[in-house]
Each structure stands twice: as C-alpha cells, then as structure tokens.
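Pulled from TrEMBL:
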type	residues	note
DOMAIN	21-107	domain 'Pyrroline-5-carboxylate reductase catalytic N-terminal'
TRANSMEM	204-229	transmembrane segment
TRANSMEM	249-271	transmembrane segment
DOMAIN	249-394	domain 'Ferric oxidoreductase'
TRANSMEM	292-313	transmembrane segment
TRANSMEM	347-365	transmembrane segment
TRANSMEM	386-407	transmembrane segment
TRANSMEM	419-442	transmembrane segment
Amino acid sequence: MNKNSSNIMALAPNTSNKRETVCIFGTGDFGRALGHKLIQSGYPVVYGSRTTQISNLIPKDAEVLGHAEAAQKAAIIIIAIQRQHYNFLTPLAEVLRGKVLVDISNNLKLNQYPESNAEYLSQLLPGSKVVKAFNTVSAWALQSGTLDASRQVFVCGDDVEAKQMVMNIVRALGLTPLDKGSLLAAQEIENYPLQLFPMWKFPIILSFGLAAFFFFYCLVLDVIYTYIYEKNNFSFFIAITIPNRVFPVMALILLALVYLPGIFAAIIQLYRGTKYRRFPDWLDKWMLCRKQLGLIALAFASLHAVFTLVAPLRAFVSWRTSKTIISQALNNKTEPLNHTNAWLSDSYLALGILGYFLFVLLGITSLPSVSNNVNWREFRFVQSKLGYLALIFCTAHTLVYGGKWFLSPSAYKWYLPNIYILSLIVPCAVLVVKFVLIFPCVDKPLTQIRQGWERNPKYSEQSNYIINRSAV
C-alpha cells in the first residue's frame with residue numbers, strides 16, 4: 001500500500017512549479033504556433049480574440065476570451081498582430097497598464113516606419129512595459145520543432161524585469177535569448193529578418209566578380225587566342241574545361257583571403273604596439289565575413305573535385321586518348337614511362353586530396369552544431385593551425401601542377417601569364433608573411449601585445465578616457 005502511494009505521489013504534478021499564465025492577442029499562424037509551444041512547455045495559455053468561438057485550429061488546452069477579459073488573467077501579453085491593427089489596443093489602456101506587452105511583429109520593408117513597431121506600441125500604451133521578442137522565429141519552425149537554424153531570439157526593452165520575464169519564457173521554449181539592450185534596438189531587430197543573407201553580400205559579390213574575371217581571362221587565352229592563331233575551335237571548353245580551371249583558382253584565392261585579414265591585423269597591432277585600438281572599418285567587415293568566404297571556397301573546391309571526376313567521360317578526352325594510342329600503333333612505337341611526370345602527377349593528386357580533406361574539416365567545424373560542442377582552443381586549432389595546413393597543401397597542389405608554366409614562354413599567350421600563375425600570388429604572399437610572423441623575434445612581441453602589453457600606455461589611457469567620456 002505504501003509502495004503504491006509513493007508511486008502516485010511521484011507521478012503527481014508539482015504544483016509549486018506551476019508556470020504563470022500567458023495571454024496571446026491574435027489567433028493567426030504565429031499566435032497559434034506559439035500558443036501550442038507554450039502549452040507544451042507547461043504554460044497555461046489564454047487567447048484574446050474578437051470572437052470567443054473556439055476554432056479547431058486553436059490548441060485544445062487553450063482558453064479563448066475577449067481581449068479585456070483575457071488580459072486580466074495574465075501579466076504577460078504577447079501581441080501577435082500587425083502594426084496597422086494596434087489601434088484597437090487604445091481602449092484597453094487601463095486594463096493593460098503595468099502589463100508586459102511582447103511585440104513580435106515584422107514589417108514588409110526595411111525601415112518602413114520612422115520608429116519601430118515596438119516603440120510605436122510603447123507610445124500608444126505608455127503605462128505598459130513593452131518588450132520586443134520572437135520576431136526572428138517562424139511559425140513553421142515552432143510547429144515542426146525544427147529550431148536549429150532559428151534558435152536565437154533577440155530581446156530588447158526598457159524595463160529590465162520585464163525583459164527577464166520574457167527571456168525566461170524564451171528559455172523554457174528551448175530557445176536562446178540574446179539581450180540587445182533598450183527598446184531603441186527594436187528597429188535593428190525588426191530589420192534583421194528582412195535582410196537577405198546580410199553577412200554573405202560582400203563574399204558573394206567578390207566571388208562572382210573574381211569568377212567572372214577569371215572565366216573571361218581563360219576564354220581569351222584558351223578559346224579566342226587558339227582560334228585566331230591556331231585555327232582551332234575549342235569553344236566547347238566553355239562547358240567543362242574553363243570552369244574546371246576557374247573553380248580551383250577561386251577556391252585557393254578565397255581560402256587565402258580567409259587568412260589574409262589576420263595577417264593585416266597582426267601587422268597593424270605590431271605597428272601600433274597595442275590591441276586596444278579599433279581596426280579600420282574595412283578590416284573589421286572583412287574579418288566578420290571570413291566564415292562565408294571559407295564556405296564559398298569549399299563550394300568551389302567541391303565543384304572542382306566533381307568536374308575532375310567526370311573529365312574522363314568527355315568526348316574530347318576520349319578522342320585525344322584514342323588518337324595517341326593509334327599514333328603509337330601506326331608508328332610502331334611505345335612511349336616509355338616518364339618517371340618525373342609520374343611523380344609530379346601522383347604528388348599533385350595526393351596534395352589535392354589532403355588539402356580537400358582539411359578543407360571539408362574546416363567547413364564542418366564552422367557549422368554551429370559542431371562549433372558549439374568544441375571549446376575555444378579546439379576551434380582555434382582547427383580553424384587556424386589546420387586551416388593554414390590546408391592552405392599549404394592546396395598551394396603546393398597548384399604549384400606542382402602549374403609551376404612548370406612559370407618558365408615556359410608558350411604559357412604567356414599575348415604576354416599574359418597562365419591562370420594558375422595568377423592564383424598563386426595571394427596564397428604565397430599570405431604564407432610568406434605568416435612564416436615571418438612565427439619567427440620568435442616577431443611572434444613574442446605580438447603575443448605580448450595580444451595579452452595586453454602596450455608599447456605606449458599613455459595613448460591607451462587617453463583613448464579609454466575619450467571612450468568613457470563619449471559613453472557618458
């Protein structure tokens with residue numbers, strides 16, 4: 001008997017941990033999805049609606065009341081309606097006084113209104129505590145539970161206690177709240193979902209521009225030059241050959257551009273003798289988009305691997321191979337194996353495979369699901385140490401394959417260098433400067449600077465004074 005009673009007590013709900021009621025104004029897609037998620041997390045939910053008739057779409061455990069009656073039952077009210085319908089809240093000002101209003105609305109255009117929706121709501125209801133949240137989470141993600149890509153929730157508001165209450169709800173839903181400060185940040189938060197890959201804009205434009213340049217460069221040397229001077233029509237090179245020359249060049253240059261801003265940052269810190277001064281804006285923006293540059297470089301490297309694997313299937317390759325075989329048969333002559341070329345071909349293939357393997361490893365560790373499970377030192381080891389090793393392998397892969405064209409006059413058509421020669425400029429420069437930076441005579445002062453040592457402390461004190469004054 002005692003055993004059964006203990007089991008019953010263990011299964012009984014803990015009423016002391018009962019969560020507070022949450023009110024939701026609006027029964028649209030997001031309001032219903034959020035209400036369902038709140039109920040799953042143990043929150044009693046009451047909907048405020050124009051009609052109290054219960055629909056099949058409303059979560060079955062939720063209560064539906066009129067706006068005024070629903071607002072009286074909860075301290076936190078989620079406003080799941082669009083800005084143009086906020087006027088109906090004005091007659092409810094007394095009921096909503098002191099309540100926490102969570103604005104989740106978004107606009108159709110960037111900076112659509114002079115003030116943010118949350119600030120507008122605060123002006124309509126000055127007696128309420130307005131908090132901006134949940135506008136970066138989609139209704140579909142809440143319903144399906146696939147929140148990996150949108151787990152972070154930006155929160156802002158002028159009342160610290162109100163923000164904390166909302167962030168507690170965010171955590172209870174299995175999401176990650178990020179405090180963005182006062183309600184002045186609401187405009188930025190509302191603009192965030194409207195930006196199409198904001199951190200990808202510069203990397204994509206840069207990649208497209210470089211790829212177009214190198215494609216046209218190869219077109220001139222491999223198709224137009226050949227047609228003019230050798231009367232050969234190699235226009236079909238546009239489909240496979242030229243892209244498969246552009247892809248590895250782009251992958252190598254973009255990978256070098258991932259590590260080049262770190263080189264600039266080290267040089268600037270050595271020159272200034274301090275880490276307490278901001279980098280130039282262009283360098284700050286460059287360093288922030290290194291992940292995107294690396295992922296685009298990995299995409300180009302993957303395309304190069306696929307295009308190389310299908311190369312033997314091309315009619316041009318089959319024709320050239322059969323032509324060589326028939327020529328040797330007619331001349332009754334077999335070309336001996338050139339061991340130098342055999343070593344070079346095997347070496348550049350091995351270097352390419354190793355470089356691509358490290359490339360993929362860098363891409364995997366940059367994923368949030370992976371990077372969140374490694375500590376800072378492990379992440380830095382992979383992205384820095386193994387990243388430079390990948391750059392070395394990929395540069396050596398290109399050097400072994402295209403280095404023979406450096407001293408070959410036939411490679412300079414119209415006095416223009418081969419594309420592989422151009423591709424080695426940036427990565428070789430990065431590796432040479434990095435090699436200099438790891439010398440003890442350079443690395444030691446750089447490490448000291450990054451640990452807080454300053455060559456001219458007076459300048460730092462002056463800059464800190466200016467920063468503090470501006471903050472006041």
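Quick reminder: no glycine exception, Cβ is built from N, Cα and C everywhere.
Secondary structure of the domain 'Ferric oxidoreductase' (249-394) per DSSP (helix as H, G, I; strand as E, B; remaining residues coil): 122 helix, 0 strand, 24 coil. If you take every residue in the domain 'Ferric oxidoreductase' (249-394) and average the pLDDT, you get 88. In this chain, the transmembrane segment (292-313) lies in contact with the transmembrane segment (204-229); the count of Cβ pairs under 8 Å, excluding pairs fewer than 6 apart in sequence, is at least 3. Beyond the ends of the transmembrane segment (419-442), by six or more residues, the same chain brings 214, 217-218, 221, 245-246, 248-249, 252-253, 255-257, 259-260, 263, 266-267, 270, 388, 391-392, 394-395, 398-399, 401-402, 405-406, 411 to within a C-beta distance below 8 angstroms of the stretch. Counting same-chain residues at least six beyond the ends of the transmembrane segment (249-271), those with a Cβ under 8 angstroms from any Cβ of the stretch are 203, 206-207, 210-211, 214, 279-280, 283, 286-287, 290, 293-294, 296-298, 300-301, 304, 359, 387-388, 390-391, 394-395, 398, 419-420, 422-424, 426-427, 429-430, 433-434, 437, 442, 445-446, 449-450. Beyond the ends of the transmembrane segment (347-365), by six or more residues, the same chain brings 251, 255, 294-295, 297-298, 301, 305, 371, 374, 379, 382-383, 386-387, 389-390, 393-394, 396-397, 400-401 to within a C-beta distance below 8 angstroms of the stretch.
Listed by sequence, the residues of this chain that lie at least six past the ends of the transmembrane segment (386-407) yet keep a Cβ under 8 A from its Cβ atoms are 248, 251-252, 255-256, 258-259, 301, 344, 347-348, 351-352, 354-355, 358-359, 361-362, 417-418, 420-421, 423-424, 427-428, 430-431, 434. For the domain 'Pyrroline-5-carboxylate reductase catalytic N-terminal' (21-107), the DSSP-based tally of helix, strand and coil residues reads 31 helix, 19 strand, 37 coil.
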